[in-house]
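**Q** Below is one structure. I have some questions about it.
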Amino acid sequence: MEKLMISGGRPLQGTITISGAKNSAIALIPAALLAESEVVLDNLPLLSDVAVYAEILENLGASVSWHELDNQMRIDPSSVRSIPMPNGPVKKLRASYYMMGALLGRFGEATIGLPGGCNFEPRPIDQHIKGFEALGATVTNEHGSIHLYAKELRGAKIYLDVASVGATINIMLAAARAKGHTIIENAAKEPEIIDVATLLNAMGASIKGAGTETIRIEGVSEMHGCRHSIIPDRIQAGTYMIAAAATRGDVLIDNVIPKHLEAVTAKLLEMGVHVDELDEGIRVLGKASYNHVDVKALTYPGFATDLQSPMTSLLTQAQGVSVLSDFVYSSRFKHVPELARMGAKIKVEGRSAIIEGGELNAAKVKAMDLRAGAALVIAGLTVGEGVTEVSGVEFIDRGYDHLVDNLRNLGANVWRETLETPTL
Ligand code: EPU
């Protein structure tokens, strides 16, 4: 186990190139199982979640070659079988729920242990199940594993009670090879959904409307391999934008789609940060003092819940009181007690954090989930005296490709150390 050591107080300066999106990658890899021949994914991020997914596919009989230096994965799913996976790597990853849609779509059957991952609050999958059942699958929970079976999947009209990213993608996966027409109403509109639909269409599927609240899928009987380049990671990009502002730096965040980051850009501008949108990049230039702002985390195109924790750290640097509310996850505030150890003045009331601006101090803190980890790193980067120690790095490695190298290239004094294990 490792911890991150941060001797902060230096403005981040320079250029960072953003890698492919984690939340696309971990849906695109299982989506490849629907094909009968090789799928090549380019711009793949180097993340522990991606490695876990490669292991899951190999366990099912896929041939997976991951060319890390080229950010490429080649997946040949021609020998895959739907082997029950009650335990093992599926338990490490929340997004292993995509194995349900992918295996159901290809084989009409799947058994998957209930997924693990970042448990910042209970994260139900009832809308995924509702979708599978509407397509004709029988879904049972057997000793902590979900078993799905359908003699034949048939298209259906499915209204999602919540615009869930996972449920929208999972239903697209299962419906892509179902018989007939599927309509998903109140679908989630996140860019990662468009990315998955783009891959599936390149594999021979017929999906229209991804990125809007109504997605129409005409099932096809066969799908084939293709080559696809993953969209840039808007959450990683947003995290570096926030870090640049928090350290009063000057950073060009390169290889992004600025439109995906409009909600962050708008809030930074409102705080008084200087932000320039370029064609495929965003330059963030910090200032000495910032206005307080209120932020509401919503589904896309609103402010992303995944940037809510990093934003909390930035708002400790604003003058006055800011209110940050999360309307996607009501209790995603595990970073707050840790930021309080660093001297932050934050109160959580219901689904809101009330943040009073002020200086932070170095402390030993623990990342309890991926984005909470990013928040603590940003907080540490703002502290000029002492060294902040962030444990729970394994969470951060799930979603931030080359974090230490990237921050060092931007001039930060950050390094990893082995965490001493207490002697009993
Ligand atoms: N929800 C339900 N029932 C369901 C599914 C979701 O009630 O069947 C609720 C959730 O409890 C939540 C809301 O709907 O309140 C939205 O959840 P969603 O299903 O959209 O989340 P997800 O698909 O499980 C993905 C990302 C998360 C990101 C959310 C929201 C992946 C693997 N994960 O999760 O990313 O926070 O969408 O944008 O794509 C992260 O990257 O740190 C992360 C947690």
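Using the three backbone atoms N, Cα and C, a Cβ is placed for every residue, glycine included.
Annotated active site, proton donor per TrEMBL: C118, in sequence order. Positions annotated as phosphoenolpyruvate binding site by TrEMBL: K22, N23. Here TrEMBL flags R94, R123, P124, I125, D126, Q127, D306, V328 as UDP-N-acetyl-alpha-D-glucosamine binding site. The domain 'Enolpyruvate transferase' annotation in TrEMBL covers 7-407. Per TrEMBL, 2-(S-cysteinyl)pyruvic acid O-phosphothioketal is recorded for C118.
Can you tell me where each of these features sits in the structure?
**A** In three-state terms derived from DSSP, N23 (phosphoenolpyruvate binding site) belongs to a helical segment.
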**Q** Can you tell me the CA-to-CA distance separating N23 (phosphoenolpyruvate binding site) and P124 (UDP-N-acetyl-alpha-D-glucosamine binding site), as a whole number of Å?
**A** 18
**Q** Counting Cβ neighbours within 10 Å across all chains shown, tell me which of the binding-site residues D126, D306 comes out on top.
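**A** Answer by Cβ density within 10 Å: D306.
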**Q** Around the C-beta of V328 (UDP-N-acetyl-alpha-D-glucosamine binding site), how many further C-beta atoms are within 10 angstroms, looking at every protein chain?
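**A** Within a 10 Å radius of the Cβ of V328 (UDP-N-acetyl-alpha-D-glucosamine binding site) lie 20 other Cβ atoms.
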